[in-house]
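First the structure, in the form of structure tokens, and then the observations on it.
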């Protein structure tokens with residue numbers, strides 16, 4: 001199988017991720033129109049538990065990716081199949097176990113977390129997803145380890161289409177029974193998407209397997225131990241981040257009650273934070289996640305082959321790309337929060353102030369994700385976990401203190417998120433410098449993208465107001481200004497030499 005470069009892999013996964021997020025708007029928008037902020041609140045209460053499983057299981061595909069890449073570097077086909085087999089057995093058991101727990105103990109979970117009882121149907125609806133997602137994630141790790149991102153990218157699109165068709169369809173069918181039933185139907189979409197994406201990857205794997213000369217491999221518990229040794233720290237690190245969301249789902253609505261809000265008002269505010277603000281913040285994070293997925297196996301291969309110079313070059317390129325993505329996204333979502341929300345959720349722009357401030361977390365989340373992937377690629381698994389735990393504790397403390405204050409309320413959770421990721425990102429960068437013994441050129445990596453982004457956002461705001469005065473349409477003005485802003489941004493980063501387009505073109509065409 002032909003390998004792909006870091007840049008090409010990132011572009012493929014990033015493009016698929018952005019398209020998937022765009023398709024996701026066809027899930028989120030009709031859902032918002034059908035069930036409103038209250039229904040989104042019920043849906044989002046169960047979602048962190050699903051994301052907790054995704055995070056807890058995320059270490060396995062990362063470990064598979066790294067181990068497959070290392071074995072592929074030395075042409076060990078038997079080792080590749082063994083890694084895939086052992087990982088599949090583990091994830092089958094883990095996914096099935098989590099699904100059974102959610103089905104059997106859903107009411108107990110809701111009581112323990114003090115959720116609204118009407119979130120029960122969403123929790124039941126999403127309970128089947130862990131099983132199908134776990135199988136799909138192993139195949140994604142395999143293809144990423146082979147450094148071919150095409151199949152993973154296509155599976156993302158198939159997964160999202162399945163989620164839209166089944167999720168929105170069931171939400172519409174069940175709406176006459178009540179908002180809570182409709183939210184439960186929407187949650188089923190995650191399982192449907194995982195099933196369809198998994199089937200596609202399995203069929204592609206059968207084709208690839210024909211290229212291997214190995215017909216059969218025996219079980220190898222040493223490989224299982226190696227997978228778990230790598231996966232557990234990664235999973236814990238990912239789970240810590242998701243635990244932040246899970247804690248928010250239990251903590252924020254309760255603390256909003258202490259601030260004087262009603263149950264319905266608390267649910268609506270929480271829905272605006274998670275269903276609107278975080279949904280849009282997650283769009284640029286999709287590109288970051290794609291970068292990280294491409295980064296781990298490539299750095300792992302260079303690291304095991306002792307290509308130190310190549311590792312350092314890719315670290316610098318990865319950090320630069322991450323900031324080229326994060327900083328303009330931060331400024332765009334901050335300055336254009338209301339027009340963007342009005343464009344995506346017509347007549348539902350409530351919550352734009354939450355998005356405005358939450359956008360400030362984007363550069364730090366992206367930096368935290370990228371530095372974590374680099375540290376994982378060179379075998380430093382524990383340090384990112386410790387750093388994220390420190391950030392998580394800080395977030396909890398800030399949330400507990402600020403959310404009950406009536407004049408701060410939901411913004412206390414936003415401040416906690418920003419502070420938590422700032423601390424985690426800075427600690428990760430410190431660990432990165434120490435582990436690889438490198439000096440980071442912050443001017444090239446951060447200051448130049450900030451200059452380009454500042455020029456871009458000034459242009460975007462000017463174009464928006466000019467277009468709005470001409471068209472008297474916020475939606476049209478927003479589309480025009482964002483489109484032209486992207487063009488302006490890429491022109492500027494070329495003019496001031498942030499990225500070497502000749503180098504990138506070479507990396508896209510040839511590894």
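Placement of Cβ uses the backbone N, Cα and C atoms for every residue, glycine included.
Nobody curates TrEMBL annotations by hand; they come from automatic prediction.
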Candidate ranges 89-107, 260-278 [criterion: TrEMBL lists as transmembrane segment]: 89-107
Rank 119-139, 357-378, 410-429 by Cβ pairs under 8 Å to the transmembrane segment (317-337) and hand me the top one. 357-378
Distant-in-sequence neighbours of the transmembrane segment (385-404), which means Cβ under 8 A and at least six residues beyond its ends: 233, 236-237, 240-241, 243-244, 247-248, 251-252, 255-256, 258-259, 368, 372, 410-413, 415-417, 419-424, 427-428, 431
Looking only at residues six or more beyond either end of the transmembrane segment (357-378), which have a C-beta under 8 A from one in the stretch? 62, 66, 234, 237, 273, 277-278, 281, 284-285, 288-289, 291-293, 295-300, 303, 311, 315, 318-319, 322-323, 325-327, 329-334, 337, 384, 387-388, 391, 411, 414-415, 417-418, 421-422, 424-425, 428-429, 431-432, 435-436
Highest Cβ pair tally under 8 Å against the transmembrane segment (49-68), stretches 119-139, 181-203, 450-467, lands on 119-139
